[in-house]
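Everything on this sheet refers to the single structure shown next.
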Amino acid sequence: MSLKTVLILLALALATILALVCVLLTRGRAPRSCQQLPPEQEDIEDGQSLVFADLTPEEMSQVVRYLRGNLGVPLVDASRAKPSDNCIAAVDLQVPAKAEVLRFLDGGGPRPAREALAVLYFGNQAEPNITEYVVGLLPLPLYHRDVTVQKYGGKLPYHRRPVTGKEYMDINALVQRELKKAPHFLAACCESDGTNLVILTTAPRGFKSGDRMTWFVLFHNVAGTGYYLSPVGLEVLVDHGDLQVSRWQLHKVFYNGRYFASTGDLEQEFVAGALEVVRLKQPQADTVLGSMRPRRPPGSPGPLQFEPQGPRYSVRDNHITFQGWSIAFGMNPNTGPRLFDIRYRGERIVYELSLQEALALYSSNCPGGMSTRYLDGSFGIGRFAYELVRGLDCPYTATYVDRHYLAETDTPKTNQNSLCIFEHDSALPLRRHFSDLQSFYYSGLRKNTLVIRTISTLINYDYIWDFMFHGSGAVEVRVHATGYISSSFFHGQGTDYGNRVGPHTLGTMHLHHIHYKVDLDVDGQLNSLETQDMEYEFVKDPWSTQNTIERPRLRRERLEKEDEAAFPLNAPMPRYLSFVSPNPNKWQHPRSYRIQIISFAGKHLPTSSSMERAISWGRYQLAVTRRKEEEPTSTSIYNQNDPWTPTVTFADFIDNETITNQDLVAWITVGFLHVPHAEDVPNTVTAGNSVGFFLRPYNYFNEDPSVDSSDSVYFSSEQDAGAFGANPLACLSSAAACAPRLLPLHFGGFLNL
C-alpha cells in the first residue's frame, strides 16, 4: 500500500471520527435547546374572561329548545321559513352590562348572569314584527324577556329584517321563471337559456321605508372562478315585499342602457329587431377574466416562520396572554371580531375593542351599481369568517380556533379554524441604536407582535381583520381588503364611474368605510380628552436679541364637550389626541393613551341623502362620546333594509354632554376610495390596501416598557458578538435545528356552504 493511500485513508478516518463526535454532541444538546417551553403564565385568571365568551353550540341548542317550548307560537326552522312564518333568526351572547362585569372582575362581586340574545321574525301574526328576547340563565334557560322596546324605543317593523338565504332562493326561482320568457334574447346575448346565469344582490332595497324592491345583477357563471367580472348587461328589479311569495313580481328590467317593463317586453323588442344586443360567448374556465387558477408549476417554498421552543403565548378558552398582554376574544356573527378586557402588565387599557360596521358604497351607470350601499353587518361579518388556510392566511404554526354561530337555522354551525393567533416577527427592529460616538455599542429589540386575525368573505370581497399587540404597550388595529372587485357591464359613459378592466367589464368606483368602537379605560374608567399640536412662535434670540428664531411651541387643549370631540371625516385633526387619566406618571404628566389613525377615506354620503342618517357614523373620522349602556353599537343590522328610518342613528349619540373625567368611548372610522384598475384583476391585492389605527402609550409609563423584554440585545465593542452569553442572537444557529414537525395540511372550509 502506497504512502499516498495510507494518508487518504487516515484523512477519511479522521473526518468520520469528527462527524461522529459532532453528531453525538448535537444529540446531547438537542433535547435541551429544542425543548418545548411553557408560555409565560401571567396572572392566569381562573376563567374570569369567560364572562365575555361566545355561546357554545350546546348553549345555543338549549336556547332554541327553550324558545320552541315557551313562546306559545309555531316556529319554523329559518332555513325553510317563508316570510309568512315565525322563525328564530339568530342567537348570540347577551354581553353583560359593564358595571356588573367590573364588579365581578375588579370588586369581587358575583359573576354576571350568562344570557343569550335571540332574534325572532314573527311573520305569522296580525302585525308582523321583529322581536328580540334576552334568554337565561344558561346553560339551562328558565326565563325570557322582550327587550325590543327597551333597546329601540318601539317595535321593529318586519320589513327591516335582513334577507334570509331562503328568501334569496325564492327570488332566484322567480328570476329563472321570468328569464324563460326571453329565450331568443338570452340565446343571442349570452349563449344561455338562463340556467348558467347567476344573480348578485344589491342593497338597500328601494327609496322609502317599507320598500323591499331589489336590483339583481346577472353574470355568467363559470365553475371554479369568480363570476363578479363577467356581467352580461342584464339587471332585474324584484319586488319581494309581500308576505306571500306567490305575489312577488319582476318590476323592471335593464339591459345595456335601456329599461323595460318585463322580460316579455325585452324579448318582444329583440324579436322585432329594435334592440341592440352585445353578443357574448359563454366564458371558459381556463380563459375567463378573473381566473385564479395557477399559471405556473409550484416553485421552491418561501421562508417559514416557526417557534424553536413552542409558542410564547398562551390560549386558554377565550383568553390569550403574551409577554404582559391579556386579552379576551370573541366573534359576533353580525359585526365580527370583538375583544374585551385588554390589559398590559396587569392594568386594563381597553374594556372593549370591536368592529361595528363595514360600508361599501358603489357607483355605476347601471342601476344595480349606482344604488348599492352594502352594510356588511346585516349580511354577517362574523358569520362569513370561514376556515383559514394554514400557511397562507396565517402562519402554518399559528394556533387556530373554531367559531360557532346560530343564524337562519335552528342548528348551530361551526366555522372551524376561522380565527388564528400567532407571534409575528416583522423583520424590523422595534427599537435600535448603533453607538459610534464616545462609547461603542449596539442595542436593539426585534419587533415581535402578537396577532389575532380572522378573514371575512362578504360576497366578492375578503376583509382581513388584524388586532396586534406590541412590546411597547401599543395596540394596532388594521384591515386589509382583497378578493374580487364588483363590476358593471361596460356601456355608454361608463368610464365616468370607474375603469374598463375587460372587454365588457367596468370596474366600478367605490369606497370602503370601516367603523370601530374603542372603550378605553386609561388608568381607570374616568378619562378626559386632550389634544396636542404645534404652532410657531417668533422670538428674538435671548443671547443677542439681534435675530429672530421660529420656535415650535406645543399647544395643549382639553376638550370639554362631545361636539368638540366629533372630528369630521377628511377634515384636519390635531396630530396628537389622547385619552388622559387624572393621575400623573413619574414626570408629572397625565398617564395617557394616544389614538393615531391611518386612513385614506373617500367622501361621506351627503347629509342631504335620505339614507345618510343610517350611516351617520361615517361623518366622523373620530367621535368621542360618554359611554352609555343604551348605546352599545353605532349601527344596527336593521339599518340596511330601512336606512330611511334607521333603527340606530349614531349622530344622535353626540348631544354635547361633558366629556371631562367620564367613562368615554372613541368611535373611529377608517377607509379608502377604490377606483378599480387593470391590476385588480383577478383580485385586489393587499399591498397598499390597508388602513387602521394605533393606541399608543403616551406618558402612560415612566419609560418604554419594552426595555424589560427578555429579547433585548446589547453588546459593546469589547465583547464578542458571536458569544452566546453576550448576544442571544448568537444562539439562533442552534435554534434553527429545532424546526418543528408540521401537521399535515387539512382544509374543511367548504363544509358549511
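Just so it is clear, glycine is given a Cβ too, placed from its N, Cα and C backbone atoms.
Note that TrEMBL annotation is computational and uncurated.
Sequence-distant contacts of D376 (active site, proton acceptor), defined by Cβ-Cβ distance under 8 angstroms and a gap of at least six in the same chain, are E357, A358, L359, A360, S456, L458, Y463. What TrEMBL lists as active site, proton acceptor is D376.
Annotation comment: TrEMBL describes Y461 as active site, schiff-base intermediate with substrate.
Taken from TrEMBL, the feature domain 'Copper amine oxidase N2-terminal' covers 75-139. For the domain 'Copper amine oxidase N2-terminal' (75-139), residue counts in helix, strand and coil come to 10 helix, 25 strand, 30 coil, using DSSP.
The average per-residue pLDDT of the prediction over the domain 'Copper amine oxidase N3-terminal' (161-258) is 96, rounded to a whole number. Taken from TrEMBL, the feature domain 'Copper amine oxidase N3-terminal' covers 161-258.
What TrEMBL records for 305-706 is domain 'Copper amine oxidase catalytic'.
Note: Y461 (active site, schiff-base intermediate with substrate) has non-local neighbours A360, A481, T482, G483, Y484, S486, T684, i.e. same-chain residues 6+ apart with C-beta under 8 A of its own C-beta. The 2',4',5'-topaquinone annotation in TrEMBL covers Y461.
Within its own chain, the region 'Disordered' (289-310) is flanked in space by residues 33-39, 224-226, 228-230, 283, 395-397, 422-425, 484, 501-503, 505, 681-683, 735-736, 738-740, which lie at least six positions past its ends and keep a Cβ under 8 Å from the stretch. The annotation region 'Disordered' is assigned in TrEMBL to 289-310.
Annotation source TrEMBL lists signal peptide at 1-19.
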